[in-house]
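*Asks:* So TrEMBL says this about it:
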- ARG91, GLY129, THR130, ARG131: phosphate binding site (BINDING)
- 18-145: domain 'Exoribonuclease phosphorolytic' (DOMAIN)
- 163-227: domain 'Exoribonuclease phosphorolytic' (DOMAIN)
Amino acid sequence: MTTPADAPRNDGRAADALRPVAVDWDPMGFALSSVLFAAGRTRVLCSVCLDPEVPRWRKGSGSGWLSAEYRLLPASTPSRQGRELMKLSGRTQEIQRLIGRSLRAALDLEALGERTLLVDCDVLQADAGTRTASITGAWIALAAALERLQHQGVLAASPLRQQVSAVSVGLVDGVALLDLDYSEDSRAEVDLNVVMDEQGRLLEIQGTAEGAPFSRSRLDALLDLAEPGLRDLQEAQRQALAVAPGTTTG
Ligand code: CDP
């Protein structure tokens, strides 16, 4: 496998370069917190709301919960997502479970108490990497939401235990690339979504080999490519939080 740092890509990026990240705060004023997170042309609206109760199956446990929803908005893809596609497809269920598990890994649910955090990730524009952008962006909104709940006196201490970011890596024409856009994702031989915490521990790996089984050493090389990207995304998350309105995190 070749991993030339300067492999030509459609947008001129090096093989190990992330797409430009942008974070806009609080586009949804009624949410506890919200961010519009962009990774290149992929743009996801991530919001966090509080339900003061837990689902029935968790009542009396003393612990809270976080659930996530994800969807591709109608005009987010070249061919409009019609009603049929917006139904809870297998893909949508898989993605929202991934987002929920990744964000719950960031939390001490006992410290949250019997409350539920509701995270919504609505994709405004999909150019691949929408599930990883959802996780990275929603973590930012989640951290701000928890800080606001502390400021409001709802929570005595923050239940946030970990920073979590996510990115895709893949093999395209035998070359390992970080943070695939759709032109790359749609022809990738191997496509991996990697979720990592701030200690470099892996929380989730989702991988697909499109008819091209890959070796353990290729997996290791792809994870080696993902890790610095995930660390850079965590730095971008911290920078976004440092300028979050109404919080002091920095
Ligand atoms: O977005 P992500 O890479 O997490 O998920 P995917 O299922 O691998 O989809 C890759 C890309 O395919 C999406 O980001 C969209 O650009 C496109 N796509 C689409 O146009 N319509 C769909 N129903 C699903 C995906």
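In case you wondered, yes, glycine gets a Cβ from its N, Cα and C as well.
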*Asks:* When you tally the Cβ atoms that lie within 10 Å of each candidate's Cβ, which of the binding-site residues (ARG91, ARG131) has the highest tally?
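*Replies:* Output for this query is ARG131.
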*Asks:* Cβ within 8 angstroms of the Cβ centroid of ARG91, GLY129, THR130, ARG131: which residues besides those meet this for the phosphate site?
*Replies:* TYR70, ILE95, VAL123, ALA126, ALA128, THR132, ALA133, SER134, ASN193
*Asks:* Quick one: average pLDDT across the domain 'Exoribonuclease phosphorolytic' (163-227), no decimals.
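*Replies:* Here the predicted model's pLDDT, averaged over the domain 'Exoribonuclease phosphorolytic' (163-227), is 95.
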*Asks:* Using DSSP, how many residues of the domain 'Exoribonuclease phosphorolytic' (18-145) fall into helix, strand and coil, respectively?
*Replies:* 45 helix, 41 strand, 42 coil
*Asks:* What is the total of other Cβ atoms whose distance to the Cβ of GLY129 (phosphate binding site) is within 10 Å?
*Replies:* 26
*Asks:* Can you count helix, strand and coil residues in the domain 'Exoribonuclease phosphorolytic' (163-227) using DSSP?
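*Replies:* Summed by class, the stretch gives 16 helix, 29 strand, 20 coil.
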